[in-house]
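First up is the structure itself, then whatever we jot down about it.
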Amino acid sequence: MSRTNILSSFIAVRDTFFLEVSIGITANAFLLLFHILSFFLTHRATSTSLTIGHLALKHLVMLITIGFIATDIFESRELWDDITCKAVIYSYQVMRSLSLCNTCLLSILQAITLSPRSSCLAKFKHTSSHYNISGFVFLWVFNLSISAHFLLSTVATKNRTSHSLIVVTKSCSLLPQSYLPRHTISMLWIFRDVFLIGLMAISSGYMVILLCRHNRRSQHLHKTSLSPRASPEHRATKTILLLMSVFVFLYLMDCIVFSFSGLWWKNDPVHVCVQMLVGNGYATIGPLLFISSERRMIKLFKSMWEKESKCSIVP
């Protein structure tokens, strides 16, 4: 491939990435604002609603952080210092880890919400909301701890000429680690990811079974021509199942792209752009799925818009 083709491919993928980040920031801000307004207007929030709002907040911070990282990769003119590098890289890794944990928690909570009264999960329906704050605190402490090695290994690139550094951006690099700490951390991350994705698969399978049972019962209770509307719980379940599928697909794609591109952005900037595009796709697609399936959200903002229009007309 010629240098001109590489440059044009790089610019196209880079612009697509910044467009993705812009859409993701807007969608997550919109979703977070909806859940904040609905809480203040109704003075109550379900465990699923709190988890979705928490997920939107983390994705919002993650996309803003990756925007800073991308700017330093593609367009930076001033190098960052050690503190800035540590704060940005550490924050991004924590948000990515929390995104995985929060998505798993969301699938489990929805499975509890959908479970019938005869199920062993039914007893958690009324108590799950009481443990939300404790669950969020545990997730934050766990992910802040497991990502703490980035605070030690991330350094500013300026005034460092060692070829052993792993370059992340123009300003920031990772110090090489010895064999035992590196593989211990890798095994912890792999175990966490496999465990959480396994929980998502189990809860998703359980929800699919419940939905199939519900559809069979509906066929007995209604004529096929009537096509009864699904309840809000079932619509939310289908959205979350779609969200799980998107997450697993993009997670596998991220692993594949990462295995080919590595962390050395300067060797092939096009691969790095593709990796960042895929790695942050879930944070952009997720809120769009929630917004498109949430009728209350559309009605709330529509009513607010109508009230604002009436107030502006009245002299």
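Placed from the backbone N, Cα and C atoms, the Cβ positions cover glycine too.
Nobody curates TrEMBL annotations by hand; they come from automatic prediction.
Annotation source TrEMBL lists transmembrane segment at 17-43 (among others).
As annotated by TrEMBL, domain 'G-protein coupled receptors family 1 profile' applies to 27-290.
Among the features that TrEMBL reports, transmembrane segment is placed at 55-74 (among others). Here the transmembrane segment (55-74) has Cβ contacts under 8 Å with residues 14, 17-18, 21, 24-25, 28-29, 31-32, 35, 80, 88-89, 91-92, 95-96, 98-99, 102-103, 106, 168-172, 265, 269, 272, 276, 280, 283-284, 286-287, 290 of the same chain, all six or more residues outside its ends.
Counting only same-chain residues 6+ beyond the ends of the transmembrane segment (133-152), those with a CB under 8 A from a CB of the stretch are 54, 86, 89-90, 93-94, 97-98, 101-102, 105, 174-175, 177, 181, 185, 188-189, 192. The transmembrane segment annotation in TrEMBL covers 133-152 (among others).
Sequence annotations record features per position, and here TrEMBL assigns transmembrane segment to 189-212 (among others). Sequence-distant contacts of the transmembrane segment (189-212), counting only residues of its own chain at least 6 positions beyond either end whose CB sits under 8 Å from a CB of the stretch, comprise 97, 100-101, 103-104, 107-108, 110-111, 114-116, 146, 234, 237-238, 240-241, 244, 247-248, 251.
Taken from TrEMBL, the feature transmembrane segment applies to 239-263 (among others).
The annotation transmembrane segment is assigned in TrEMBL to 269-291 (among others).
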Tertiary contacts of the transmembrane segment (269-291) (same chain, 6+ residues out, Cβ under 8 Å): 6, 9-10, 13-14, 16-17, 20-21, 23-24, 27-28, 30-31, 52, 55-56, 59, 62-63, 66, 70, 73-74, 96, 99, 103, 239, 242-243, 246-247, 250-251, 253-254, 257-258, 260-261, 297
Averaged pLDDT, computed only over the residues in the domain 'G-protein coupled receptors family 1 profile' (27-290): 79
